[in-house]
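J.: Pasting a structure here, questions to come.
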Amino acid sequence: MSDLCPVYAPFFGAMGCTAAIVFTCLGASYGTAKSGVGIAAMGVLRPDLIVKNIVPVIMAGIIGIYGLVVSVLISDALTQDHYALYTGFIQLGAGLAVGLAGLAAGFAIGIVGDAGVRGTAQQPRLFVGMILILIFAEVLGLYGLIVALLMNSKATLNTSC
């Protein structure tokens, strides 16, 4: 073990892996629950619109996939031998980037999905506007995924221990 590769270096990579999946799944579950409540309330009055308005729930679920992708990439690089502290910090940052972006995107999708679904039941022309706002909310999570993938690609460069 050297100063560049201490014994505790893989801990930071493992925390990045954990942060990626935990925070994105928190956002996805909040978005799913909040949108699902709106769909259930809307379905009482307009059951014909339930399938059409399931879009926010699907978009919230996609947020969890972003965290899964980054988590798998980080866990694939985790080793006990020859793991640099630099790699651990970069992978922690990658996990936090996708995780917190996914958490924010999930909150936005849940709030917009709930209000949009309820509004669509009263005024069907609101559907297109709801979809556009949901796309912008989903892109927030995608930004975190892109940053995490770029960071993780830098972490796996040759580091000598």
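Backbone N, Cα and C define each Cβ position, glycine as well.
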J.: According to Swiss-Prot, do A33 and G116 sit on the same side of the membrane?
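T.: Yes - Swiss-Prot names the same topological domain for A33 as for G116.
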J.: Over the span of the topological domain 'Cytoplasmic' (114-125), count residues by DSSP class, listing helix, strand and coil in order.
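T.: Reading the DSSP string over the topological domain 'Cytoplasmic' (114-125) gives 9 helix, 0 strand, 3 coil.
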J.: For E138 (site 'Essential for proton translocation'), list the number of other Cβ atoms lying within 10 Å of its Cβ atom.
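T.: So the Cβ neighbour count for E138 (site 'Essential for proton translocation') comes to 20.
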J.: Using DSSP, tally how many residues of the topological domain 'Lumenal' (75-91) sit in helix, strand and coil.
T.: 10 helix, 0 strand, 7 coil
J.: Quickly jot the same-chain residues contacting the topological domain 'Cytoplasmic' (32-53) by Cβ under 8 Å, restricted to those at least six beyond its ends, or write none.
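T.: Answer is 60-61, 109-111, 113-118, 120-121, 124, 127.
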